[in-house]
Amino acid sequence: MVLMIVSGRSGSGKSVALRALEDMGFYCVDNLPVVLLPDLARTLADREISAAVSIDVRNMPESPEIFEQAMSNLPDAFSPQLLFLDADRNTLIRRYSDTRRLHPLSNKNLSLESAIDKESDLLEPLRSRADLIVDTSEMSVHELAEMLRTRLLGKRERELTMVFESFGFKHGIPIDADYVFDVRFLPNPHWDPKLRPMTGLDKPVAAFLDRHTEVHNFIYQTRSYLELWLPMLETNNRSYLTVAIGCTGGKHRSVYIAEQLADYFRSRGKNVQSRHRTLEKRKP
């Protein structure tokens with residue numbers, strides 16, 4: 001397991017890096033005192049989960065020996081790595097000007113320029129020990145996150161999870177949906193007394209819908225639309241794409257079509273989840 005220690009000058013992108021690591025499955029803690037690193041690692045060792053901790057000038061130990069002692073007390077299960085982020089002086093000044101945030105050392109009656117220089121001196125023990133130093137001066141937020149994924153996971157983009165969810169319009173549109181498709185115009189199994197108590201997961205309902213050309217056309221055109229834009233969505237620094245399929249009650253048509261789309265993209269090697277809001281509400 002990895003214990004990733006993220007440090008660097010304020011404004012260099014530590015918060016961005018920590019969020020990217022969290023998206024990669026790391027257990028993340030912001031500004032943990034160095035002396036508590038071994039305790040955190042021992043707590044997480046049983047859970048077999050990698051961790052990432054940010055350290056900035058506010059929680060730097062008084063001497064380098066304290067940091068070295070904390071590193072030596074880590075459980076053997078953890079492999080510590082130190083990532084140090086930096087940016088040139090003018091870039092840091094511009095970022096502080098843009099965000100209008102206070103520098104952590106600004107309460108010491110220092111100008112912003114002096115605070116940045118003082119911070120460099122205080123962080124030098126960590127910088128000199130870093131396994132990887134990244135200059136973020138010319139990087140966007142997305143580029144920094146992408147670079148970390150490439151270095152740590154060996155692939156450029158994070159894996160997008162496609163979520164296909166069915167719902168009933170009479171219960172309201174899901175607020176987490178990226179795309180909403182209305183299938184109330186398709187033939188409705190509800191009007192067949194034998195099919196009414198069933199759901200879109202049952203074979204007789206599936207057979208009923210499968211007999212209609214318009215159902216096939218809708219599924220084909222919807223998946224073609226998603227396939228067209230999926231490459232761009234996968235490189236858009238997002239974790240989930242939620243596609244909501246709605247019919248009147250959320251029981252028959254929307255369930256069947258959500259499952260058909262989920263099966264199609266799952267067969268193409270995509271990371272897919274499916275859920276059915278109305279059916280989940282009916283569970284005891």
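Cβ from N, Cα, C; glycine included.
Marked as ATP binding site by Swiss-Prot: Gly8, Arg9, Ser10, Gly11, Ser12, Gly13, Lys14, Ser15. Residues or ranges marked as GTP binding site by Swiss-Prot on the basis of sequence analysis: Asp56, Val57, Arg58, Asn59. Here Swiss-Prot flags 266-284 as region 'RNA-binding', drawing on sequence analysis.
For the pair Asn59 (GTP binding site) and Ser15 (ATP binding site), the C-alpha distance works out to 15 angstrom. Summarising the environment of Arg9 (ATP binding site), the number of other Cβ atoms within 10 Å of its Cβ, over all protein chains shown, is 26. With all protein chains in the displayed structure included, the most crowded Cβ environment within 10 Å among the binding-site residues Ser12, Ser15 is that of Ser12. Sequence-distant neighbours of Asp56 (GTP binding site) (same chain, 6+ residues apart, CB-CB distance under 8 A): Ser7, Gly8, Ser10, Lys14, Asn31, Pro104, Leu123. Note on Lys14 (ATP binding site): other Cβ atoms within 10 Å of its Cβ, all shown chains, come to 22.
In this structure, the CA atom of Gly13 (ATP binding site) is 14 Å away from the CA atom of Val57 (GTP binding site). Excluding Asp56, Val57, Arg58, Asn59, which define the GTP site, the same chain contributes Asn31, Ile55, Met60, Pro104 within 8 Å (Cβ to the Cβ centroid), listed in sequence order.
Between the CA atoms of Ser15 (ATP binding site) and Val57 (GTP binding site) there is a gap of 14 Å, rounded to the nearest whole number. The region 'RNA-binding' (266-284): residue composition by secondary structure is 8 helix, 6 strand, 5 coil, according to DSSP.
In the three-state DSSP scheme, Ser12 (ATP binding site) is classed as coil.
In terms of Cα distance, the binding-site residues that sit within 10 Å of Val57 (GTP binding site) are Arg9, chosen from Arg9, Gly11, Ser12.
For Gly11 (ATP binding site), the same-chain residues lying six or more positions away in sequence with a CB closer than 8 A to its CB are Ala87, Thr91, Leu92, Arg95, Tyr96, His103. Taking the region 'RNA-binding' (266-284) as a whole, pLDDT averages 86 in the prediction.
Apart from the site residues Gly8, Arg9, Ser10, Gly11, Ser12, Gly13, Lys14, Ser15, the chain places the Cβ of Asp56, Leu85, Asp86, Ala87, Thr136 no farther than 8 Å from the centroid of the site's Cβ atoms, the recorded ATP location.
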